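Q: As listed in TrEMBL for this protein:
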- 69-90: transmembrane segment (TRANSMEM)
- 111-135: transmembrane segment (TRANSMEM)
- 179-199: transmembrane segment (TRANSMEM)
- 320-516: domain 'Glycosyltransferase 2-like' (DOMAIN)
- 486-515: transmembrane segment (TRANSMEM)
- 521-539: transmembrane segment (TRANSMEM)
- 638-658: transmembrane segment (TRANSMEM)
Amino acid sequence: MAPRLDFSDWWAKDTRKGGGGGTPVVVKMENPNYSVVEIQGPDSAFRPVDKTRARKNAKQVTWVLLLKAHRAVGCLTWLAALFWSLLGSIKKRLSFAHNPLGSERLGRDRWLFSAIKLFLAVSLVVLGFEIVAYFRGWHYIPTSTLEIQSLLHLVYVGWLGLRADYIAPPIKALSKFCIVLFLIQSVDRLILCLGCFWIKYKKIKPRFDEEPFRDDDAEGSGFAYPMVLVQIPMCNEREVYEQSISAVCQLDWPKDRILVQVLDDSNDESIQQLIKAEVAKWSQKGVNIIYRHRLVRTGYKAGNLKSAMSCDYVEAYEFVAIFDADFQPNPDFLKLTVPHFKENPELGLVQARWTFVNKDENLLTRLQNINLCFHFEVEQQVSGVFLNFFGFNGTAGVWRIKALEESGGWLERTTVEDMDIAVRAHLHGWKFIYLNDVKVLCEVPESYEAYKKQQHRWHSGPMQLFRLCLGAILTSKIAIWKKANLILLFFLLRKLILPFYSFTLFCIILPLTMFVPEAELPVWVICYIPVFMSFLNLLPSPKSFPFIVPYLLFENTMSVTKFNAMVSGLFQLGSSYEWVVTKKAGRSSESDLLSITEKETVNQKSQLLRGVSDSELLEMNQLEEQKQKKPVKKTNKIFHKELALAFLLLTAAVRSLLAAQGVHFYFLLFQGVTFLLVGLDLIGEQMS
């Protein structure tokens with residue numbers, strides 16, 4: 001029965017009141033299934049329209065539409081310009097594709113690239129199939145066989161059943177496993193941050209009780225100062241050898257209690273001559289410095305250090321400080337580190353913090369600075385305070401020579417000789433101290449090629465070492481909790497699990513779930529927790545907060561290199577034992593140091609030119625020409641794995657549009673563009 005609308009009583013009441021309107025009216029309906037409707041009187045419906053106001057409203061709507069159209073055109077213009085610029089960069093990079101210097105040489109690590117290409121090809125086929133099904137209305141499962149339109153439709157229906165019954169369950173299981181690992185690693189990261197906050201709140205830092213070296217000791221015989229050996233290992237370091245030797249030779253320490261070893265593994269004779277000349281210059285100034293060169297470069301850096309420690313005169317020294325070729329310690333470095341060894345016979349290592357002269361050079365260096373600041377200020381500081389153990393950084397540290405000898409010395413079995421000696425010293429009971437307030441200047445790689453090679457070595461070496469020292473850890477006499485920390489946290493969680501879940505979850509499972517929506521990842525996994533973890537990583541470098549989104553995307557991009565390196569090191573695949581010297585730019589933030597060096601060089605020239613022969617003068621001029629040799633122009637490369645993953649993620653982004661998954665679409669789109677920029681070697685361009 002239709003509802004009866006009785007307006008007579010309401011109209012009579014309204015007439016009796018003499019009111020003109022605005023009285024609410026309740027319309028009662030006999031059928032209880034209908035709702036009660038409230039009307040605000042008849043005037044709102046029957047009031048005459050103001051034509052002037054209507055014209056104004058029409059003009060306002062027109063202006064709003066024009067403004068929106070202008071903004072849309074501006075946005076499209078910006079996108080077109082960006083796309084055109086990207087096409088130009090692609091064309092520029094592809095011009096090097098047929099040049100062996102213009103593309104990445106995959107070598108024996110083709111297995112991952114081949115797997116990604118296969119995954120990409122299957123994704124493109126499935127995407128085309130899904131687009132056809134979407135526009136033909138096949139994305140709904142028919143209720144009977146009579147609704148099947150064609151053979152292709154039948155194949156698509158079979159694909160839907162196969163996807164739901166056989167493909168989705170293993171993907172769900174793998175995604176749940178990776179999510180659990182992700183949460184465990186996030187909890188570990190959160191605990192490290194809380195430990196760092198506690199250290200800052202309690203103002204905990206290593207201290208020595210009294211000043212062991214007084215000024216009157218320095219003026220006397222200097223007997224209170226221990227004997228210190230300083231080593232500078234280098235290999236073809238044309239850009240940085242001069243500033244590192246200069247900084248080390250200006251360390252504030254009695255000259256008769258220190259010896260500087262310049263350990264040159266260069267195979268370029270011109271660089272050897274330059275380093276020899278630099279050593280001779282400082283030797284004439286009274287610095288106790290010697291030059292060593294190996295004819296056979298075996299064992300890389302570990303072999304170089306091992307060869308230097310085998311010299312007979314090393315027995316007279318108690319401590320050894322190590323600086324890589326691009327490190328510039330302050331003059332008071334030894335006076336801030338060596339005193340910690342006094343009255344602490346169990347102390348084997350004092351590690352200083354790195355600080356970077358080129359951290360603001362481009363976007364790549366800024367993102368590296370975020371990672372390294374967290375590593376030093378959070379990971380190493382917390383481990384040093386609460387565990388007295390962390391991985392030696394290979395440079396900017398002082399070792400007790402007795403600890404090195406008891407731990408077996410430098411071994412050439414891995415590419416991470418610094419971590420190797422640290423683990424073996426820890427197993428022998430030696431303790432480590434980390435000094436966060438003692439900083440040493442150095443460089444970070446400015447090109448993606450150099451950074452990628454560095455990260456490959458840093459992530460393949462620990463897995464090599466884990467295979468080699470697992471038995472020694474299990475049979476050692478240290479406490480069980482220390483063994484658990486070494487195996488579960490130091491190696492498995494931070495060196496193996498982190499690159500595994502990061503690559504698998506965000507580069508494989510996430511795009512895969514776009515084609516298998518039954519195994520879709522929740523938003524909090526791909527958005528909320530990663531953003532929170534990135535926020536924690538940025539806490540030690542608060543000035544980098546504007547780069548939180550590029551940092552998150554770039555870390556996911558680097559997971560490809562880290563995962564490849566981890567697998568290569570764990571299973572001894574490909575280039576797991578390949579050592580490539582990280583390319584340096586030779587930058588220095590201390591212009592005063594450079595100006596002083598230039599003045600001293602001029603003064604020294606004026607003194608040497610008096611009474612030299614023509615042959616000696618010719619040799620000096622040749623050395624100057626070698627110093628002023630122009631650097632080789634940078635050649636941008638194409639990185640195949642990153643490009644393949646870029647197209648894979650962009651393909652998955654297109655598929656997410658069909659499913660109207662907004663968050664997944666934007667994440668896949670931005671992540672795919674990041675992979676594209678990295679694959680075209682654009683991430684290291686000047687973007688400060």
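Cβ coordinates come from backbone N, Cα and C, glycine included.
TrEMBL annotations: computationally assigned, not manually curated.
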Q: Excluding the flanking five residues on each side, which residues at least 6 beyond the ends of the transmembrane segment (111-135) place their CB within less than 8 Å of a CB in that stretch?
A: 152-153, 156, 159, 508, 511, 515, 560, 563-564, 567, 573-574, 640-641, 644-645, 647-648, 651-652, 654-655, 658
Q: Mind checking which residues of the chain, 6+ beyond the ends of the transmembrane segment (179-199), have their Cβ under 8 Å from one of its Cβ atoms?
A: 205, 377-379, 381-382, 385-386, 489, 493-494, 497-498, 500-501, 505, 525, 529, 532-533, 536-537, 539-540
Q: Taking the domain 'Glycosyltransferase 2-like' (320-516) alone, what is its mean pLDDT?
A: 95
